[in-house]
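Q: Structure provided below as structure tokens; questions to follow.
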Amino acid sequence: MEIKKAAFVISNTDVRKCPDTRLPEYAFIGRSNVGKSSLINMLTGQKGLAMTSQKPGKTQLINHFIIDDSWYLVDLPGYGYARLGASNRESLRRIIETYILCREQLSSLFVLIDCRHEPQKIDLEFLQWLGENGIPFSIVFTKADKLSFSRLKENTEAYKQKLLETWEELPPVFITSSEKKTGKEELLDYIDSINQELATK
């Protein structure tokens, strides 16, 4: 699948104010500065669609983008940014959890993880929470171009092994690089396969 048209629709902090349609939604989330905006821009082919920033914690709203008039790409706030302060972190946590747990249109969640780092407690705890709540999700490793092939394999396998300590099977896993456009086709084809499956129901 190739995206032909993408446009920003709305930003808000209240799931009740999200677009009132039955179109499927695919949400992207990750720790601050994981490369989420760059990945969204890469997937849509629009360099400035999602605002990129070197300042962690920039995205603090639920951002909806309409894709080819048939589905929504949702940019969720990043999690785990300490400098926001306790009250702001709690507010963001509520926004994120309410959207994930209550938004019926959410077809799949993509959890972005910076492949340069070893398994992080905050990521593992979030993935565990998703599993416990039965949320359909995939893991998207970002910034693959920053590592050698052997180091990339080592780090991604470390995450998989950590998850298999408590899980019987792994969710879908994607390796991406916004710089090299690695993983673009695989991610979009996966979304397209879910859309086609939903269309038959």
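The backbone N, Cα and C atoms fix where each Cβ goes, glycine too.
Relevant sequence annotations retrieved from Swiss-Prot are reproduced here:
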type	residues	note
DOMAIN	22-197	domain 'EngB-type G'
BINDING	30-37, 57-61, 75-78, 142-145, 173-178	GTP binding site
BINDING	SER37, THR59	Mg(2+) binding site
Q: Translate the DSSP assignment of SER37 (Mg(2+) binding site) into the three-state scheme.
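A: Assignment for SER37 (Mg(2+) binding site) reads helix.
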Q: When you measure from the Cβ of GLY30 (GTP binding site), how many other Cβ atoms are you left with inside 10 Å?
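A: Taking every protein chain into account, the count is 24.
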Q: Work out how many Å separate THR176 (GTP binding site) and SER37 (Mg(2+) binding site) at their Cα atoms, rounded off.
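A: The separation of the Cα atoms works out to 13 Å.
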Q: I'd like the Cβ neighbour count for THR176 (GTP binding site), meaning other Cβ atoms within 10 Å of its Cβ, all protein chains included.
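A: Around THR176 (GTP binding site), other Cβ atoms within 10 Å: 26.
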